[in-house]
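These features come from Swiss-Prot:
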- 87: active site, proton donor (ACT_SITE)
- 26, 57, 58, 59, 79, 80, 81, 112: 5-amino-6-(D-ribitylamino)uracil binding site (BINDING)
- 84, 85, 126: (2S)-2-hydroxy-3-oxobutyl phosphate binding site (BINDING)
């Protein structure tokens with residue numbers, strides 16, 4: 001996979017930020033790792049964390065919407081692995097559209113840590129395990145927190 005163009009931002013000054021982190025439990029091993037990495041990243045940056053879990057990716061937007069009412073930034077983590085039906089496309093499109101709409105409607109940044117992969121190997125490679133080439137739980141958290149700070153500084 002290409003990391004070309006990936007910004008070199010590994011931390012932000014998150015003291016004073018409240019970050020909501022919600023993760024699905026479907027594809028549990030992968031989602032547990034994304035969840036743990038998001039929490040670790042937010043806490044390492046000094047943010048207060050409010051965390052919760054949902055069953056699947058389709059449940060993420062409604063909980064993100066609720067968290068956006070009280071948080072400075074919200075991170076949604078999940079893992080949708082393509083199967084043999086078009087259900088994958090419907091879930092991925094619905095979740096992405098929902099998370100984007102919530103961010104735009106609420107003015108609260110939403111980090112999208114929902115993996116949409118063709119197989120479990122691709123998901124593991126992006127979930128921040130030892131040996132993974134990417135850490136999307138951490139990356140989504142940094143992106144959401146950074147955006148919250150940018151918005152805070154704008155007139």
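Cβ coordinates come from backbone N, Cα and C, glycine included.
A count of other CB atoms within 10 A of each Cβ picks out 79 as the most crowded of the binding-site residues 58, 79. Residue pair residue 126 ((2S)-2-hydroxy-3-oxobutyl phosphate binding site) / residue 79 (5-amino-6-(D-ribitylamino)uracil binding site) shows a Cα separation of 10 Å. The Cβ of residue 112 (5-amino-6-(D-ribitylamino)uracil binding site) lies under 8 Å from the Cβ of 76, 96, 99, 100, 140, each of these being in the same chain and 6 or more residues away along the sequence. Counting every protein chain shown, 8 other Cβ atoms lie within 10 Å of the Cβ of residue 85 ((2S)-2-hydroxy-3-oxobutyl phosphate binding site). When the neighbouring Cβ atoms lying within 10 Å are counted for each of the binding-site residues (57, 80, 81), the highest count belongs to 57.
Reported as a whole number, the C-alpha separation between residue 81 (5-amino-6-(D-ribitylamino)uracil binding site) and residue 87 (active site, proton donor) equals 10 Å.
In this structure, the CA atom of residue 79 (5-amino-6-(D-ribitylamino)uracil binding site) is 14 Å away from the CA atom of the residue listed as 'active site, proton donor'.
Each of the binding-site residues 59, 126 was scored by other CB atoms within 10 A of its CB, and the lowest score goes to 59. Sparsest Cβ environment among the recorded positions 26, 84, 87 (other Cβ atoms counted within 10 Å): 84. The record assigns 84, 85, 126 to the (2S)-2-hydroxy-3-oxobutyl phosphate binding site, and the maximum Cα to Cα distance across that set is 23 Å.
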